[in-house]
Amino acid sequence: MMNIFHKVTLQSMKKSRTRTIVTVIGVILSAAMITAVTTFSVSLLNYMIKGATVKYGGWHVEFLDVDSSFAEARARDAGVAGTAISENIGYAELKGGKNPNKPYLFIAGFSKEAFDTVPIELVSGRLPENSGEILVPAHVAANGGVTYAVGDTLSLAIGSRMAGEGRLGQHDPFPARNEPGKENETFVPQEERTYTVVGICERPAFEEFTAPGYTLITTEDTAAGQTAGPTDETAGSTDQTASLSIFVTLKNPGKVKAYIERTAGQSAYILNDNVLRFLGVSSDHLFNMLLYSVGGILMALIMTGSIFLIYNSFTISLNERTRQFGILASVGATAGQLRNSVLFEGLCIGAAGIPIGILVGLGSIGLVISFVAEKFKNFGYSAVSLSLTVSGTAIAGAAVISLVTILFAAYIPARKAAARPVMESIRQTNEIKIESGAVRTSKLTQRLCGLEGTLALKNFKRNKKRCRSIVLSLSLSVILFVSANAFGSCLNQGAKRSVINTDFDICFSSPKIDENELFRLYGRLKTAEGIKESSYQALMSYSCAVRAGDLSDEYRKYMGYENPDETVTLPMDIQFIEDREFRNFIESQGLSPEEYTGQNAKMIAVAKQKSDETKSGRSGLVNMFVGDSVSGSVTPGAELTGEVKGNPSADKEKQISITFVDTIPLDTLPKNSSDVKPFIFMIVAPWQLREQFVSPDAGEIMGLTFLADKPSQVTAEMSEMIQEAGIGTDYTLYNVNRMFEENRSILFVIHVFTYVFVMMISLIAAANVFNTISTNIKLRRRELAMLRSVGMSDRDFNKMMNFECAFYGMRTLLFGLPAAGICSWLIYCGMAAGGADVSFVFPWASMAVSAFSVFFIVFITMVFAVGKLKKENIIDALRDDMA
């Protein structure tokens with residue numbers, strides 16, 4: 001039931017419509033942002049869960065090497081949503097395998113439920129339809145060095161891995177022979193089986209990296225009755241000694257660990273961590289911590305801005321109602337009733353603003369998600385679309401957080417109002433408590449700014465609390481805007497430097513492929529539809545011995561070479577490219593092709609050192625050697641960790657003459673190396689010289705590069721061609737264009753969310769400033785009317801208000817810009833410490849934009865408030881009781 005205090009509160013809100021509307025708008029923005037953050041977090045989490053389920057399967061735990069009775073018991077567990085059985089048919093030795101840690105093939109017989117539960121990504125062919133057909137994973141060729149093609153017939157001696165009397169499974173890694181403390185493993189063949197290869201698939205997600213066997217998949221052997229069934233009728237017909245694996249899907253994944261403790265016993269098991277991590281169950285909490293911490297930081301920033309807005313609004317409301325509260329208290333109103341009156345106003349504002357804010361937040365984040373959803377496919381799960389997920393819990397949480405924000409912001413001024421003495425409230429003697437000396441201004445200020453500026457400065461000093469609130473709100477907006485721009489700038493910088501623009505979209509490389517096999521494959525791959533250009537190259541690792549005196553002073557200082565006559569050995573790469581491409585490269589550098597081709601040709605090289613002291617102040621490349629040429633000896637093989645002093649082996653060394661060119665290195669094949677060198681030292685040579693440098697110690701990588709119209713489609717077609725060609729060596733097929741697209745998509749998504757967030761925070765700050773300044777002007781109606789009544793012209797009046805705008809803006813920039821600069825520096829330091837290749841760029845542009853915005857917002861608000869004031873009658877304003 002509405003009491004008299006509620007009616008009085010509603011009347012006061014109607015009387016101050018502008019303030020009430022601005023406060024409601026602030027609440028709408030706050031609720032919208034909180035809803036957007038919670039809803040996007042839920043949508044992103046749901047996207048990750050669905051994507052992981054599609055890629056890795058919806059099962060939660062796999063029990064390995066169990067019997068049928070165990071499988072039947074798990075199928076009947078009350079908390080289980082479903083099970084899928086895989087028969088462990090046995091192992092077969094992989095003849096000709098190159099990986100010493102994976103010497104076996106492991107045969108798994110999938111049930112129909114297993115095919116539905118465990119995702120299998122086909123490269124070519126189809127799934128097996130009976131127990132005589134089999135699916136071979138592609139990493140048998142890529143990692144094991146043995147190639148199988150669709151249509152091949154496999155005759156395998158199936159058996160068990162034994163260690164004494166114990167049988168080993170996929171959970172038991174292959175031990176080294178005669179390892180101390182371990183019984184030697186033996187393989188015991190038991191039966192011969194023949195399979196027809198009907199498909200090639202990607203590595204099964206459930207296969208552990210330490211598993212000793214490559215998992216080949218066939219169907220369950222139903223005729224032998226070796227699999228467990230979920231019902232009592234099938235239980236009697238199953239072989240209780242059969243080795244099975246069972247994939248269990250729980251109704252409540254959060255209880256998976258308790259379920260395992262209760263049921264696993266001595267059985268080995270594997271958790272589907274790729275899915276469970278997004279459910280908050282896995283021991284890997286990195287994603288959840290990142291999501292919740294970022295969401296928590298955003299919530300804190302939103303609530304901070306909202307609390308300022310609502311707190312200021314209620315403080316101003318109480319200043320307007322001070323005498324009203326005093327009169328109510330004088331006729332018997334208690335402190336609790338006065339306090340509840342203010343809280344009721346907060347509930348009314350919340351009731352009006354929160355539902356609209358939630359709807360605006362859902363609509364806004366839905367629009368943003370539809371805008372960026374396509375970009376997520378480039379770096380996330382391409383089979384799943386990011387879509388808006390509306391969660392009742394998230395909406396309720398957003399509403400509660402918004403309401404708590406309102407009540408918290410309203411409670412502080414409400415408590416102050418309730419504690420104020422009655423007579424003091426009626427007389428309003430506590431509005432300004434300040435000594436006359438505190439508002440004294442200097443003669444210099446009076447001379448420079450005149451009477452108008454002096455009055456503006458005195459008002460600024462007299463109303464410090466109100467002015468401080470305005471300055472703080474504007475400063476917060478400046479800091480957020482500049483910091484967000486600095487963060488985006490660092491991301492752009494890091495992205496551009498981490499990815500070198502290449503002249504190819506697709507790259508095939510292999511460290512073990514034969515030259516003749518490479519050219520046969522090259523002839524086949526370049527016929528793929530959409531290929532525009534193609535080429536081949538080789539990369540070798542060598543060491544070059546040179547005098548320390550030939551190196552630049554900067555490099556010698558960096559490495560600590562004090563004696564210029566000492567010989568130092570530098571790791572370098574030799575890149576062999578097509579002869580025609582080499583000739584074009586030589587001519588582009590203004591050199592004679594005849595001098596750098598042939599048996600006794602000079603070598604051409606790029607030798608650059610990374611430096612942070614270039615003229616632009618940014619990291620770049622400077623010359624590593626003093627002169628334009630150098631003579632030295634080279635030896636196959638290079639230390640991956642840096643320079644090695646000493647003399648190379650005499651029987652393998654070659655004397656060469658090197659000419660340096662001032663250019664960036666040519667595009668090279670990717671190297672699987674963890675070394676981080678402070679320089680780039682690469683010789684570029686024609687393919688005709690390759691045979692002179694071939695050595696087992698050179699670690700040669702050969703490869704092919706292609707430029708295509710549709711790289712993704714061409715890469716898929718090439719992958720099938722490679723499988724059909726039966727490449728049996730370790731190789732990698734890179735879609736370089738996809739890497740660039742992922743990088744660009746990540747930046748795009750980050751930019752969208754960063755700027756949307758900054759825009760909405762800035763709107764809250766602008767609403768706060770508008771509310772505070774406009775109401776502050778309204779509370780000064782008598783003061784301003786008095787100035788006009790004694791003859792202050794409109795020109796002088798406007799001049800005084802412009803000075804107030806200037807004081808607000810200068811005070812904001814005085815505190816906001818240094819704080820924003822510090823935040824930008826901290827962002828740079830954090831990214832640099834994390835390994836990002838970025839340089840600090842002072843955010844002049846964003847600071848200039850924020851400075852202009854500050855003065856613009858304050859000026860527009862002043863114009864609006866003063867314009868309304870000028871329309872009022874001076875006599876009515878002088879009679880106003882509210883000072």
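Backbone N, Cα and C atoms are what each Cβ position is placed from, and that goes for glycine too.
The feature domain 'MacB-like periplasmic core' is assigned by TrEMBL to 20-259.
Feature annotation from TrEMBL assigns transmembrane segment to 21-45 (among others).
The transmembrane segment feature in TrEMBL is assigned to 289-311 (among others).
Residue counts of the domain 'ABC3 transporter permease C-terminal' (297-420) by helix, strand and coil are 106 helix, 0 strand, 18 coil (DSSP-based). Annotation source TrEMBL lists domain 'ABC3 transporter permease C-terminal' at 297-420 (among others).
Cβ atoms under 8 Å from those of the transmembrane segment (347-373) belong to residues 9-10, 13, 20, 23-36, 39-40, 43, 310, 385-388, 390, 395, 398-399, 402-403, 406-407, 748-749, 752-753, 756 of the same chain, restricted to positions at least 6 beyond its ends. Summarising the annotation, TrEMBL assigns transmembrane segment to 347-373 (among others).
As annotated by TrEMBL, transmembrane segment applies to 393-414 (among others).
Residues annotated as transmembrane segment in TrEMBL: 470-488 (among others).
According to TrEMBL, the transmembrane segment annotation covers 746-770 (among others).
Per TrEMBL, the feature domain 'ABC3 transporter permease C-terminal' maps to 756-874 (among others). Note on the domain 'ABC3 transporter permease C-terminal' (756-874): mean pLDDT across this stretch is 79.
Annotation source TrEMBL lists transmembrane segment at 805-828 (among others).
What TrEMBL lists as transmembrane segment is 840-866 (among others).
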Ranked first among 21-45, 393-414, 746-770, 840-866 for CB pairs under 8 angstroms with the transmembrane segment (470-488):
746-770
Helix, strand, coil: count each for the residues of the domain 'ABC3 transporter permease C-terminal' (756-874), based on DSSP.
101 helix, 0 strand, 18 coil
Restricting to the same chain and to residues at least six past its boundaries, which positions have a Cβ under 8 Å from a Cβ of the transmembrane segment (840-866)?
470, 474, 477-478, 481-482, 485-486, 489, 493, 618, 762, 766, 769-770, 773-774, 777-778, 797-798, 801-802, 804-806, 808-809, 812-813, 816-817, 820-821, 824-825, 828
